[in-house]
Amino acid sequence: MSLSPVTTDPVLTPDKANLAPGATSICRVSPKPPCHLGLTESVTVDAIELSPVTPIDKHNYDSESPSVLSARYRTQRTREKIQFVTLCWFDYLEGWNDGSNGPLLPRIQKVYGVGYAVVSLIFICACVGYITGAVSNVILAEKLGFGKVMVLGSLCQVLAYCIESTGPPFPVFVFAYFINGIGIALQAVGYVACLKENAEVKMGVFMAVYGAGALSSPLVATQFSHLPHWNLHFLTSLGIAITNTIALIIVFRLKPQAECLSEIGIVDSDNNASEHSHLRQIFGNKDVHLLAAFTLLYVGAEVTLGGWIVTYIIDVRGGGPSSGYVSSGFFGGLMVGRVALLWLNKRIGERLALFIYAVLIIIFEFIVWFVPFLIGDAIVVCVIGMLLGPMYPIIVTHAGRVLPRRILTGSIGWISGVGQAGSAMVPFMVGAIAQTAGMKTLQPVLIGILSIMTGLWALVCYGSSSRRPD
């Protein structure tokens, strides 16, 4: 682009603005800053060329045809769906594992001749495994990468189910729960929280699949608990774990998380950051501690109710061998609540919704405690499961909003691991109390835990800041 030649006056100082009598154009100099172009009279300005400015981070997608871009988008969405389904299958296995405990606990006590406190050692060993796996998850993910750690965790579960399916001596049987705990914690997935399209819906579906696993498992475990070879139930778990391992290898191909996300069109904004941030960065964040403490109590209450409710119905309410199906009803309500209540969460706000659910659960726990009606208790337990269902997706979504993205995956891995530790600690505590005071103490203990959990959520909402910059 060329401009026609023009003449200009000598450079004018800010305090003396004079017009040159023979000039065809006027140059006015702004006082701030002074002009130091050094132009003299009759200087000609000619042939000014304007060069186009290209953005540094601009992708070269403009040169591609719309059909190519559309094909790339479809491919990325297809890969994202495959990855999501694969992660859901792992989550189904996790729910299957937790849902098996309730119907099998009475049979384990009978076969090994142990009481409430001793049989609760399986929860303690699982707790130690969860904590070990949660710490290892943060460390190993930096060295091995997301894909390899996921497969390693799945292989730990395969080993655990192989041991349990043989019906070994009680110490070995309990040790298998430790190995299984490590495996589950290594697969604690913050990957789903990194998905941007329909994130809330996907998180709800992901958590609902856990409920589906926990719903179907008691149906199978109850049948095996009546058989002489009750331990063969773990062969079913072994089959699911093997298919989970194969799926993880095929879909994620042992790749780091950044490469897996890039395949679905999500680019990590911090290219210099490791896949998981260092322990110091994660543990130095107060929001991580608050969310982890809340998750410990939440998951502990959930698994305690789903696991010990069968023993409670049999010992306190006089239920029969089919009482194991009450556990299925609880986890079925959990699955339904995680999907059916999504609209309500959005309508009234997730923080307020969680408060309302917690208060209603406490009220229903009082009903189960003071109303000795077997069928009514079974129905109320299902409703409690439905109200508990949306809580975990809300926790993960809240973490995605308040935690920096550079530590999000590692933080969710730690939060999930601590939650799994709660799924072992709280049931053990309930079993130890029941050993001395009877199983009738289940409801008051749960009410106390739920009350503390509700107060802790207030601290989470008050203490959590808005989303920090990455």
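Heads up, the Cβ atoms here are built off N, Cα and C, so glycines get one too.
Unlike curated records, TrEMBL annotations are generated automatically.
What TrEMBL records for 83-466 is domain 'Major facilitator superfamily (MFS) profile'.
Beyond the transmembrane segment (114-140), the same-chain residues lying 6 or more positions past its ends with a Cβ under 8 Å from any Cβ of the stretch are 101, 105, 108, 148-149, 152-153, 156, 170, 173-175, 177-186, 188, 276, 279, 282, 311, 410, 413-414, 416-418, 420-421, 423-425, 427-428, 430-432, 434-435, 439. Annotation source TrEMBL lists transmembrane segment at 114-140 (among others).
Residues or ranges marked as transmembrane segment by TrEMBL: 174-193 (among others).
What TrEMBL records for 205-224 (among others) is transmembrane segment.
If you look up TrEMBL, you'll see 230-252 (among others) marked as transmembrane segment.
Annotation source TrEMBL lists transmembrane segment at 290-314 (among others). Long-range contacts of the transmembrane segment (290-314) within the same chain, counting only residues at least 6 positions beyond its ends with a Cβ under 8 Å from a Cβ of the stretch, are 98-99, 101-103, 105-106, 116, 214, 320, 323-324, 326-327, 330-331, 334, 374, 377-378, 381, 384-385, 388, 391-392, 395, 398-399, 411, 414-416, 418-427, 430-431, 434, 439-440, 442-443, 446, 449-450, 452-453, 456-457, 459-460, 463-464.
Only residues 6 or more beyond the boundaries of the transmembrane segment (326-345), in the same chain, are considered here, and those with a CB under 8 A from a CB of the stretch are 95, 99, 102-103, 200-201, 204-205, 207-212, 214-219, 222, 302, 305-307, 309-310, 313, 319, 353, 377-379, 381-390, 392-394. According to TrEMBL, the feature transmembrane segment maps to 326-345 (among others).
Same-chain residues lying 6 or more positions outside the transmembrane segment (352-372) and placing a CB less than 8 Å from one of its CB atoms are 317, 341, 344-345, 380-381, 383-384, 387-388, 390-391, 394, 443-444, 446-447, 450-451, 453-454, 457-458. The transmembrane segment annotation in TrEMBL covers 352-372 (among others).
Counting same-chain residues at least six beyond the ends of the transmembrane segment (378-400), those with a Cβ under 8 angstroms from any Cβ of the stretch are 192-193, 199-200, 203-204, 206-208, 211, 287, 291, 294-295, 298-299, 301-302, 305-306, 309, 313, 326, 329-338, 340-342, 345, 350-351, 353-354, 357-358, 360-361, 364-365, 367-368, 408, 411-412, 415, 419, 460, 464. The transmembrane segment annotation in TrEMBL covers 378-400 (among others).
Residues or ranges marked as transmembrane segment in TrEMBL: 412-433 (among others). Panel annotation: around the transmembrane segment (412-433), residues 98, 101, 116-117, 119-121, 123-128, 130-131, 133-135, 137-138, 141, 181, 184-185, 188-190, 193, 276, 282-283, 288, 291-293, 295-304, 307-308, 392, 395-396, 399, 441-442, 445-446, 449 of the same chain, lying at least six beyond its termini, place a Cβ under 8 Å from a Cβ of the stretch.
Below 8 angstroms of C-beta separation, residues 286-287, 290-291, 293-294, 297-298, 300-301, 304-305, 351, 354-355, 358-359, 361-362, 365-366, 369, 398, 402, 426, 429-430, 433 of the same chain, each at least six residues beyond the ends of the transmembrane segment (445-464), sit close to that stretch. Feature annotation from TrEMBL assigns transmembrane segment to 445-464 (among others).
Remote same-chain partners of the transmembrane segment (230-252), defined as residues 6 or more beyond its termini with a Cβ less than 8 Å from a stretch Cβ, comprise 82-83, 86, 89-90, 92-93, 96-97, 100, 104, 107, 111, 146-147, 150-151, 154-155, 157-158, 161-162, 164-167, 220-221, 224, 260. In the predicted model, the domain 'Major facilitator superfamily (MFS) profile' (83-466) shows an average pLDDT of 85.
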